[in-house]
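Student: Quick one: the structure is below, and I'll ask about it shortly.
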Amino acid sequence: MASQVNGHSSGSDAQGGKSLREDLQEFLGGEALLHELDDLTKVNPVTLETVLRCLQARYAADMFYTSAGCTLVALNPFKPVPQLYSPALMREYHAAPQPQKLRPHIFAVGEQTYRNVQSLIEPVNQSIIVSGESGAGKTWTSRCLMKFYAVVAASPTSLESHKIAERIEQRILNSNPVMEAFGNACTLRNNNSSRFGKFIQLQLNSAQQMTGAAVQTYLLEKTRVTCQASSERNFHIFYQICKGASVDERLQWHLPEGASFSWLPNPERTLEEDCFQVTREAMLHLGIDIPTQNNIFQVLAGLLHLGNIWFADSKDEAQSCQLMDDAKCENKDGGLCISFGHTPREQGSIRTSASLLQLPEDPLLETLQIRTIRAGRQQQVFQKPCSRAECDTRRDCLAKLVYARLFDWLVSVINSSICADPDSWTTFIGLLDVYGFESFPSNSLEQLCINYANEKLQQHFVAHYLRAQQEEYAVEGLDWSFVNYQDNQACLDLIEGSPISICSLINEECRLNRPSSAAQLQTRIESTLAGSPCLGHNKLSREPSFIVVHYAGPVQYHTAGLVEKNKDPVPPELTRLLQQSQDPLLKVLFPMDPEEKSQEEPSGQSRAPVLTVVSKFKASLEQLLQVLHSTTPHYIRCIKPNSQGQAHTFLQEEVLSQLEACGLVETIHISAAGFPIRIPHQNFVERYELLRRLCTRTSPGSHSPSPDEGHSEWSPHTKGATLQPLLQDILHTLPALTQAAATPGDPAEATPVPVHCGRTKVFMTDSMLELLECGRAQVLEQCACCIQGSWRRHRHRKQERQRQAATLIQAAIRSWLARKHIQRMHAAATAIKRTWQKWRIRMAFLASKELDGVQEKHVSQVPLPLGSLLLPQAQTSLLEAIIRLWPLGLVLANAAVGVRGFQRKLVVWACLQLPMGNPSSYAVQTAQEQAGVTSIRALPQGSIKFHCRKSPLPYADICPEPSLHSVTGFNQILLERHSLGHM
């Protein structure tokens, strides 16, 4: 195994590698098919050589994702691949019944975590740990996963909730460019290297819809603001301001074209991340308005001008250091820094910086030049001029303090914009994107903390998947041949162990009230921790240093400046100076707090211990690991094919060192031979007891439960002895499930997948878990169909009963209505019939009276009493009815036949509407009173034959001669009525 120190090879086992290649020569003859292996557990034998060749073959075929058991290996393509991250592909993985059957992808990992949240299997919360070296693609992977969750976790029903979800998703996605602009920088290995760690918590509600997010950051590399290594750059935001600001903004922020700043190296390099407009739009979507943005950029411009302030050595220690000429100043590395202005000192960088920061110029300069000391029990104040190095340190401290507070404020603004109410979300999916393992020619406290964090994450991986799996197999009574794996516990004991470690020694140096010596610190570390196998020493190094053998390789750390960086001292006068600023943003970042002022002046006996950088970072890291331990972790290992960032270039030596460092081969060994799914007996029975229905139906043997037993409910408090028969009944269904899931042409799928029942848990593979879930879904579908059929049958019967009842009610109502109608019709008919019979009888009576007992003369001279002349009541009613129908009576009166005698007289009476009274007052002449038969109609010209019923004459066939003075027809009626009216 090759070992490297700061990127240089120190030795190799050539003989072992040669024998290994000879053993694998026959297998590697089929290298053309290696790119088809999408899971490294299928490679046989599993060695570094075979794994490396498989990854190289897939990388050449533009297949950048490969499964490695429980881990996904992601190769950085170093080129745009749009179709690999399109929304259509996201939806394809989300809609797939089994995403594991598709090609390995980060979307498959994201979909697996999302479905785990939906299944509510403990632990419900999920976390994805993206690890790898700097430049391996961790930031891009996290960004794509956030886009994936924004697509699949947004399915609201109403339009209003859809708009709210879109706004939340957009804010979450817009947090990426803002945090990358203020927290990422260009390094030797990566153009967009994250100089801070972040844990993004995507919050989901009970319906698994994204309601918000929260961002937690770790250890911002704020020293990069004032110090950048050779060929590296400052944070992206400084270059975005200088390249993307408008002419008016440049004039406002004192950033003319061609301006040079000592804290802005390599400005000629143009990167994709130097997009100022994208940052401004993202900030606007997060709720940071344009005036606040301009205020932020004004403060950053003030920091750039602050970096152009240089001090000259003072000839007298009692005098403060004076400023150097702005036109030509010497930086820390001995080079020259050319300023944009050739103005006097009063008009130089100090004035511009004070103007942009809205600080008084003289107090700013005095704070940088003079140090305030409090001594004695009375806390007497002394002022001492600072040396040139101290002045530079105080200037750098001021810039780092402002930038760190600004970064924390931005994170709080982002959280307030995207974080959901605690009552609105129930589960979360965490994305951890931390700095990769770093090893530079010169490594200090920043690299020590970064590599310490990677060691902790590696230990979490080892503890979760390697050591925990093997130990659990042994405890559960499973036959298992242990795999030797690389454990980094010894390295962690060296860094953070108790009672003595590197961190404890550095913190102790910070607590001692004495000047720190780099050589003395090196001696203490080497002498105190000499027994650690992970501690080394480079005897050829001219500078004081020590070597730590990390899991990814040995790294040499220089002790110079280590203690000062760990103290991270902030002089109180710098904080008080910034509190005097009139800038609105600085007033928010540095508020006037009376409690803080009282804490800055403690007595010498009650002084609180200093909280160092290592202590704060260690505490935040422990908190992060507690969150990770409470979730179901998923790992994505990012691999960098080459350190130059070139596409289609696969350097085996560099990839091999990364595979060795991350323990990928040990992971493949255990994942291929082990059982990643472990379910307690109680949870297994609770979830898969439904499968006993299949057992009852498919194999009614001795192990099949009785019908009563199949429907009995299982109590959560059932003892282990009772659980075993239930477990056996469930496991007996697996052959039937395997046979049902196997395809006819694939005998491998029909082979039973091993499932082991331990003392307290059931162990199985992912494929067996999918098989059980399919069987459970089948049973649930059958139960649902049965319930649906029963419900439809019940609903049909209910509807039929309702229809019959409605029919019966309708029939009863119709019968009642018909009876009522018939009764009314019968009553009306009876009344009509009775009236008609009375009228007919009356008419018959009148007719018979007219024919049989008519008198010769109707006009009598003898007056009769009035009462005796009145008609009967029935006749009066009949006459009134006939009078109302006088047109009909008129027709009948003029009819040639049909009405005779008194009937004609009544009709004429009714038609003429003669007044009721004495009949002697008028006279109507009838046919019997004349010599012949006459008619009120005009006499016909021919002969007329009359035949009257009950007439004394058998027939009448005469042609009467009308009188010469008579008028016949309708005129006769009118004349008679007129003559009667005058009588």
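From the backbone N, Cα and C atoms, a Cβ is placed for every residue, glycine too.
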Student: Examine the ranges 23-45, 621-643, 851-873 and name the one recorded by TrEMBL as region 'Actin-binding'.
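Tutor: Here TrEMBL associates region 'Actin-binding' with the stretch 621-643.
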Student: If you average the pLDDT over the region 'Actin-binding' (621-643), what number do you get?
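Tutor: The predicted confidence over the region 'Actin-binding' (621-643), as a mean pLDDT, is 91.
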Student: Could you give the residue numbers and ranges of same-chain residues that sit at least 6 residues beyond the region 'Actin-binding' (621-643) on either side and whose C-beta is under 8 angstroms from one of its C-beta atoms?
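Tutor: Residues 55, 59, 68, 70-76, 78, 106, 109, 112-113, 116, 123, 125-133, 135-138, 141, 189, 199, 216, 218, 430, 432, 436, 452-453, 456, 460-461, 464-465, 649-651, 654-655, 658-659, 662, 664 contact the region 'Actin-binding' (621-643) from elsewhere in the chain.
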Student: How many neighbouring Cβ atoms, not counting its own, are there within 10 Å of the Cβ of Glu133 (ATP binding site)?
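Tutor: So the Cβ neighbour count for Glu133 (ATP binding site) comes to 26.
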Student: For Thr139 (ATP binding site), write down the residues of its own chain that are at least 6 apart in sequence and whose Cβ falls under 8 Å from its Cβ; none is a fine answer.
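Tutor: Listed in sequence order, they are Glu180, Asn184, Asn192, Ser194, Asp433.
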Student: As a quick check of your reading of DSSP, tell me how many residues in the region 'Actin-binding' (621-643) are helical, how many are strand and how many are coil.
Tutor: 9 helix, 8 strand, 6 coil
Student: For a quick check of packing: other C-beta atoms within 10 Å of the C-beta of Gly132 (ATP binding site), how many?
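Tutor: Looking across every protein chain shown, the total is 24.
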Student: Would you list, in sequence order, the residues of this chain other than Gly132, Glu133, Ser134, Gly135, Ala136, Gly137, Lys138, Thr139 that have their CB within 8 A of the centroid of the site's CB atoms, where the site is the one recorded for ATP?
Tutor: Asn76, Asn190, Ser193, Gly436, Cys638, Lys640
Student: Suppose we draw a 10 Å sphere around the Cβ of Gly137 (ATP binding site). How many other Cβ atoms does it contain, all chains included?
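Tutor: Other Cβ atoms within 10 Å of Gly137 (ATP binding site): 26.
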Student: Within 10 angstroms of the C-beta of Ala136 (ATP binding site), what count of other C-beta atoms is obtained when all protein chains are considered?
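Tutor: For Ala136 (ATP binding site), the 10 Å Cβ neighbour count is 24.
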Student: Same-chain residues six or more away whose CB lies under 8 A from the CB of Ser134 (ATP binding site)?
Tutor: Thr187, Arg189, Asn190, Ser193, Tyr435, Gly436, Phe437, Glu438
